[in-house]
Amino acid sequence: MLDQQLHRARMISSVAAVVISLACGTNYVYSAWAPQFADKLKLTTTESNLIGAAGNLGMYSMGVPIGLFVDNRGPRPAVAAGALLLGLGYYPFRASYENAAGSVPLLCFFAYLTGLGGCMAFQAAVKTSALNWPHHRGTATAFPLAGFGLSAFFFSQIGSIFFAGDTSAFLTVLAAGTFALIFTGFCFLKVYPHTPAYHAVPNGGSGSDTQRLRRTSSSEDGKGRGAGRFPDVEPGMSTPTTYTTPATSTQAHADAEAPGPSSSASAKLRDQTDVESARPLSPSRRTPDEDSDRDVDETSSLMSKASSLPGEVLVQNSVDMDRSHRVDIRGWRLLTNIDFWMLFTIMGILAGIGLMTINNIGHNVNALWRRFDDSVPESFLVYRQQMHVSILSIGSFCGRLLSGVGSDFLVKVVGANRAWCLVAASLVFSIAQLCAINVTNPHYLGLVSGLSGLGYGFLFGVFPSIVAETFGIHGLSQNWGFMTLAPVLSGNIFNLFYGMVFDSHIVVGPDGDRACFDGVDCYKNAYFVTLAAGALGLFVTLSTIRHQYNARLKEAGKGTAED
């Protein structure tokens, strides 16, 4: 019954994580309102892209401190702060649009707040899902990641259905809607501890040694946290200590063969004994082994040392055997790790490619339609912009789900590296860039937006699982924060380059209106650069897979030699 209740609670928490994530990806709906906002305030494409880049900067630049905060304080405070920042960030954009005036640096600051708020709430949602479902981490994290990718579709559809052509009302929806969704999810988001499994170990002897409780080595620090609060501990903050308790083979056999009151009482006695043993002993009662256990860092591996006593019941969750729980690389060790820099490079290249199209698909729409049919009204262009933002979002959603679930399939069934999903992302991005260079008919622009969203989803759907598997689950948030610094540089470079290319083709009208009538030539040169970047990303990804394969072979060889 308790397991069923915990399972239901984890499911509710997972739904809450998806709801929160749905509000965190609104930076990617920027293209749905950026062209109209820029026209109203008479901004250049480069200035518009600066504002969009500031939102991306907020999303990615503070990943490390936010990750540390989530790892040490749990997810809920980060979620609450994220809701406030998103609401405070979007409201000034509505005011600027209504007044047709605004300082670009100030608008960049508020855009940064929206990105920062989304980053805080999203990291908390992903960390919660990873901790609640450690056996299916790829699938569990894929759902909030997919919700994040679907955010732009969700809000763009609300705008096109209920507020068609009304940019001011749409900005109001962004301010109020993001706050409401995250606050709703906040009420149900929680990390639930996993009940440790009892594994009977055959007993070949008896005696006084088999009658005393003994604590195994834990991944957790004994600094007074978690040990005395085992039933209520939140794994996002500290993980409960594991223990061993004696049991003879006769007792184990009797428990298995005799269901009923006696076996139930025996099980209750073991559970009570285990919980009681979780209370820290006074210094005078601790054994030398227990004292040494207190030096283990709270965020280190969850693996327990093998007990020296015969006939113990080992209290150890099977997930502890997962590599992500055996490895704990973070901080300075992360920065000196070759795997980190290879993955960092992949993230920077591929995320930068995706962000350029995500932030500028609206400008692509305007350029192609003004060349193809310059009689179309402004409301039609707004509708097409929102449509392509929706296509991007759906593609991202599908990519995140496919890569998250597919990476679990690759690892568990095929026995392959999760990074093959990054190869798929590189190939999809490269095809998208080719389409962007060659598509001149705006009716086929969906190929660019759809493939760009799909590639972006493949990238972000699997990357958190790769980070957890490579560097350990315990420092996931802070390590992911380091990883998301990569798009800060590449995304800004690609976006600003796009703005420079587009502005070079702009024609300024007598009333100050700015437009480009050259069709695909307005932005084609920018996509030549990202096409080359996609080929480089594919090369680095294949090199990373080969490097990790060789490293795993060496690890397996050392393990065989030690055995």
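Note: Cβ is positioned from N, Cα and C throughout, glycine not excepted.
Over in TrEMBL, the protein carries these features:
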| type | residues | note |
| --- | --- | --- |
| TRANSMEM | 12-30 | transmembrane segment |
| TRANSMEM | 77-93 | transmembrane segment |
| TRANSMEM | 99-122 | transmembrane segment |
| TRANSMEM | 142-163 | transmembrane segment |
| TRANSMEM | 169-189 | transmembrane segment |
| REGION | 201-307 | region 'Disordered' |
| COMPBIAS | 238-250 | compositional bias 'Low complexity' |
| COMPBIAS | 257-267 | compositional bias 'Low complexity' |
| COMPBIAS | 268-277 | compositional bias 'Basic and acidic residues' |
| TRANSMEM | 340-362 | transmembrane segment |
| TRANSMEM | 419-439 | transmembrane segment |
| TRANSMEM | 445-468 | transmembrane segment |
| TRANSMEM | 480-501 | transmembrane segment |
| TRANSMEM | 526-545 | transmembrane segment |
Item to check | Beyond the flanks of the transmembrane segment (142-163) by 6 or more, those residues with Cβ under 8 Å of it | outcome: 14, 17-26, 28-29, 32-33, 122, 125-126, 129, 169-170, 173-174, 177, 383, 386-387, 389-390, 392-394, 396-397, 399-401, 403-405, 453, 456-457, 460-461, 464
Checklist entry - Out of 12-30, 340-362, 445-468, 480-501, 526-545, which stretch has the largest tally of CB pairs under 8 angstroms to the transmembrane segment (419-439)? => result 445-468
Checklist outcome for this item: Other same-chain positions with a Cβ less than 8 Å from the transmembrane segment (480-501) and lying at least 6 residues past its termini are 44-50, 52-53, 56-57, 59-68, 119, 123, 126, 334-335, 340, 343-345, 347-349, 351-353, 355-356, 359-360, 363, 463-464, 467, 522-523, 525-526, 529-530, 533
Next on the checklist: Counting only residues 6 or more past its boundaries, what in the same chain has a CB within less than 8 Å of a CB in the transmembrane segment (99-122)?
Outcome noted: 20-21, 23-27, 40-41, 43, 47, 50-52, 54-60, 62-63, 66, 78-79, 81-90, 92-93, 144, 148, 178, 182, 484
Checklist entry - Top stretch among 12-30, 77-93, 445-468, 526-545 for CB pairs under 8 A with the transmembrane segment (340-362)? => result 445-468
Checklist entry - In terms of Cβ proximity under 8 Å, which residues at least six beyond the ends of the transmembrane segment (77-93) contact it? => result 20, 23-24, 26, 37, 66, 69-70, 102, 106-107, 110-114, 116-125, 171, 174-176, 178-179, 182-183, 185-186, 189
